[in-house]
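Annotated in Swiss-Prot:
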type	residues	note
ACT_SITE	Glu47	active site, proton acceptor
ACT_SITE	Asp58	active site, proton acceptor
Amino acid sequence: MTKTLTNKLAEKEHAAVVTYIMGGDGGLDNLEEQLLFLEKSGVSAIEIGIPFSDPVADGPIIQLAGLRALKEQVSLEAILNKLAMSKVQIPLIIMSYINPIFHLGIPKFVELVQKTPVKGLIIPDLPYEHQKLITPELQGTDIALIPLVSLTSPKERLEEIAKQAEGFIYAVTVNGTTGVRSEFDAHIDSHLAYLKSISPVPVLAGFGVSSIEHVEKFAHVCDGVIIGSKVVQMLHEEKTAELGAFLQKAAEVRIKN
């Protein structure tokens with residue numbers, strides 16, 4: 001069964017734009033408003049980060065957002081309960097470290113997720129080899145377990161991951177944490193083009209994407225982008241008009257590969 005998320009991101013004319021927000025940054029009561037605003041801005045899907053005290057993959061902007069959410073006593077369960085009432089029509093993606101999921105309990109987590117518009121799951125600290133901790137519970141659901149692949153992964157590993165991939169492949173564009181960047185690795189284009197050539201699902205570039213130029217660059221070699229730190233910062237600074245205009249422009253970028 002092809003997952004809903006794959007179908008949504010596989011549109012070939014325009015680059016898929018997925019935005020990341022930290023769930024509960026600014027309080028849980030703002031979550032639905034943020035989601036509806038991003039949907040109206042033309043994004044393809046929205047990643048919702050779950051605040052965690054030891055976020056190893058997060059850069060400073062997202063770490064601070066997580067701390068703000070933790071101060072509001074935001075939890076994974078509270079976010080899922082809020083999402084169960086969401087009116088959002090585009091797919092949502094939960095991005096959580098494994099610890100909050102274990103704490104809630106994997107069966108309960110999957111049960112709660114299925115009551116929401118969430119169609120994808122990213123667990124940055126769950127290695128590919130240990131996916132079986134959660135895949136049995138996801139079987140038969142419309143929830144895609146999305147793999148992250150790094151710049152340094154050997155080709156055999158990329159091929160193995162691509163073969164099993166669901167939803168989309170999250171291609172990490174830098175060696176390091178998330179955050180706004182001006183430059184990318186010299187080999188990033190060939191890496192993404194190779195991934196796209198072997199992947200049965202869309203390939204999206206993430207970590208450091210923060211300008212229209214970045215979106216246009218990656219539209220030459222993959223299917224779209226994930227924009228995180230820039231979105232988190234602009235929402236925090238309440239620059240919604242500026243952010244909305246940026247995202248609408250990003251969503252109009254045409255795929256050129």
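Think of each number as a place in line: the chain as shown, counted from 1.
For all residues, glycine too, the Cβ spot is worked out from N, Cα and C.
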Roughly how many Å separate the Cα of Asp58 (active site, proton acceptor) from that of Glu47 (active site, proton acceptor), to the nearest whole number?
14
Counting across all protein chains present, how many other Cβ atoms fall within 10 Å of the Cβ of Asp58 (active site, proton acceptor)?
24
